[in-house]
Amino acid sequence: WEVNGSFYQPPAFLLMGIPGLEALHLWISIPFCALYLVALLGNCMILFIIKKTQSLHEPMYYFLSMLAVTDLGLVLCTLPTTLGLFWFNVRRIGFDACLTQMYFIHILSFIESSVLLAMAFDRFIAISHPLRHPSILTKTTVLKIGLAILLRGVVSLLPIPFLLKRLTYCGRTELSHSFCFHPDIMKLACADIKVNVFYGMVILLSTVGMDFIFIVLSYILIIRTVVSLATKEECLKALNTCVSHICAVLVFFLPMIGLSMMHRFGRNVPPLMNTLVAYTYLIIPPALNPIIYSIKSSHIREALLRALRRKSD
């Protein structure tokens with residue numbers, strides 16, 4: 001509470017499960033456990049196969065490894081609080097712990113966006129300049145891109161926890177999700193949050209927003225290149241290498257855009273819809289990405305089959 005100009009921060013926040021379905025949390029945890037298990041095993045499998053298969057030591061699969069590591073990070077960030085709430089009704093999370101979880105969730109989301117952009121750039125170079133592809137995207141270049149992506153996420157979001165810590169909070173401590181999210185925490189403050197809103201919007205548009213625009217531009221250039229190919233077979237073969245990446249982009253960006261719009265403009269959106277979109281944004285992409293790449297990438301699929309055969313022998 002803010003009384004006579006005093007400063008107040010709650011010792012803890014209260015997490016929220018699925019509104020209206022609290023009595024069914026134990027049953028609801030079953031599909032969540034399945035998704036978390038698929039995400040953990042699938043992304044670990046992708047990393048293992050790429051590491052052990054020499055033919056997959058190429059830029060495309062290095063970026064896929066970065067995507068898998070990011071997805072594992074997202075899963076490990078939300079799994080403890082989500083399953084703790086569903087299984088044991090543990091709703092309390094300390095103020096600093098909540099800010100820490102929020103910081104890593106947003107960092108990993110921004111990193112995933114940047115990795116998807118890097119993968120789009122890789123596909124553009126591979127299709128438009130196939131002979132120069134190995135010389136443009138060397139191992140050193142890929143490593144530098146990875147470090148730049150990490151640094152960009154860490155630095156751009158570093159002020160967010162401090163902007164939240166400077167605020168004074170009201171008596172309300174109940175969040176909207178089973179994890180900590182910046183707009184969610186911000187709305188519990190009694191103080192002026194214009195700086196938080198402005199900074200959050202600028203960072204979102206200058207990072208994730210720009211990534212999405214450049215991904216779209218990359219595919220416009222890819223389509224122009226593909227259309228100029230001599231035969232229909234060559235055209236389809238070139239586009240087929242992009243299908244898995246396009247699916248990963250849609251699975252990540254559509255829920256993220258929806259959740260951002262709901263938090264900023266959807267005051268009349270039912271809480272259940274807000275919650276479902278948030279879970280879709282943070283849990284579905286890490287679970288689906290390994291499946292998408294295992295099905296659509298013949299190299300990943302063949303390497304997986306070889307590994308399974310060796311184990312059966």
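Glycine residues also receive a Cβ, built from the backbone N, Cα and C atoms like all the rest.
Just so you know, TrEMBL annotations never went through curation; they're auto-generated.
Fair warning: this is a prediction, and the values are worked out from it, not measured in the lab.
For 42-293, the entry in TrEMBL reads domain 'G-protein coupled receptors family 1 profile'.
According to TrEMBL, the transmembrane segment annotation covers 24-50 (among others).
According to TrEMBL, the transmembrane segment annotation covers 62-88 (among others). Listed as Cβ neighbours of the transmembrane segment (62-88) (distance under 8 Å, sequence separation of 6 or more from its ends, same chain) are residues 15, 17, 25-26, 28-29, 32-33, 36, 39-40, 43-44, 46-47, 50-51, 101, 104-105, 108-109, 111-112, 115-116, 118-119, 122, 139, 142, 146, 149, 178-179, 248, 282-283, 285-286, 289-290, 293.
What TrEMBL lists as transmembrane segment is 100-121 (among others).
Below 8 angstroms of C-beta separation, residues 59, 62-63, 66, 99-100, 102-103, 106-108, 110-111, 114-115, 118, 182, 185-186, 189, 195-196, 199-200, 203, 206-207 of the same chain, each at least six residues beyond the ends of the transmembrane segment (142-164), sit close to that stretch. The transmembrane segment annotation in TrEMBL covers 142-164 (among others).
Same-chain residues lying 6 or more positions outside the transmembrane segment (197-223) and placing a CB less than 8 Å from one of its CB atoms are 109-110, 113-114, 116-117, 120-121, 123-124, 127-128, 152-153, 156-157, 159-160, 163, 182-183, 186, 238, 242, 246, 249, 253, 256, 260, 264. Marked as transmembrane segment by TrEMBL: 197-223 (among others).
The transmembrane segment feature in TrEMBL is assigned to 235-256 (among others).
Per TrEMBL, transmembrane segment is recorded for 276-295 (among others).
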